[in-house]
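Data first, discussion second: the structure below is written as C-alpha cells.
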C-alpha cells in the first residue's frame, strides 16, 4: 500500500477544484449566518410585549382648587384644544373639583385626591354626603368605573406644590411598562432638565387618587409655586410635560416600538411629621439646610428641624434618604413635614401597540 502525502495530494488539485471548494465553504458559512439572523430576529420579535392602544386620555386640573397651573391650562384647552389633540385618540380636559376652584381653596369638605377607594366610591348618596365624595362618584362614572375595562386608558392629573420639586412625574405601579416607558420618553425629551419620578406604591400608604380611575394613572406635580398663584415658568414646565406625554402616546398608537428601558425613581418609604408637644402643636420648623433641598441626599446626622430656642434636631437613619414635598403648605394639616424616599431603578420591557400588525 502506497502512502500519499496530503501536501502532495493538495498540490495535485487544480486551481479550479480549489476555487469550487472555497465557494462551497463560504456558501455554507453564509447560509448558517442567515439562519442565525432569522433566529435572532424571531427571538427579538417574541420579546416585544403587545399593549392595547391608548385611545381615551383625560387631563385633570383643579383636583385641588388652589393649584392654579393645571386649572389655567385645562380651562384654556377646553376652549382651544388643538394643542392637545393627537390623531387616533380622544383627549378630554376636565376640571375635577369646580366648587373648590371657584373658591380657590384646596377642597370643600375633604381631599378629593384621597377618596377614590371602594368604600367612598360605593357609598350611598345621601343629603349630608361630603361634596368631594359625591364628586368622586361622578368622576368614576364618567371616566371609570375604576378597575374596569371601560375605564379611561390614561389620566394626567395636574398639581402644584409649594415644595421645590421641579417638574415631577408620579407613578402608582412599579409594574406598568407603559407608564415607565412614558416617563423614560418625557425625561429624554426634556433633558438636560431634570424630571424626577416619584413612585407612591407602598403596602401601608394608600392614596386613592383621582387619577387612579384610569388604567394608566400619571401625576404631574410641579413647583415651587404658592397656593392661589400662577407662575409662568411653572405653568410652562407643566405644559411641556403634558405635550411630551401626549407625543409618546401618539407614537405608541402609530406603531413605534419602544425597546427595554430603565429609569431612576424615588420610592416613598415614610411620611415624616414635625416635632410636636403634648398638645399636638408643632414645636420645630424645617431646618434652613433642608429647606428647598428636595431630591437631595439626606444622611445620618444631617439637620432636619430647628426649634425656636435654637435646638437642631438631626436625621437618624442607617441609609441615605431623599426627602421631597419638603415643607409643603398643604401637608401641615396632614401632619407631614416631608416624605422620605429611597432611590431605585424600574425597568420596562419592549412594548408596541397591539393595534399594529
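Just so it is clear, glycine is given a Cβ too, placed from its N, Cα and C backbone atoms.
Taken as a whole, the domain 'Succinylglutamate desuccinylase/Aspartoacylase catalytic' (54-248) shows an average pLDDT of 96 in this prediction. The domain 'Succinylglutamate desuccinylase/Aspartoacylase catalytic' annotation in TrEMBL covers 54-248.
Within the domain 'AstE/AspA barrel-sandwich hybrid' (262-341), the DSSP-based counts of helix, strand and coil residues read 3 helix, 33 strand, 44 coil. Positions annotated as domain 'AstE/AspA barrel-sandwich hybrid' by TrEMBL: 262-341.
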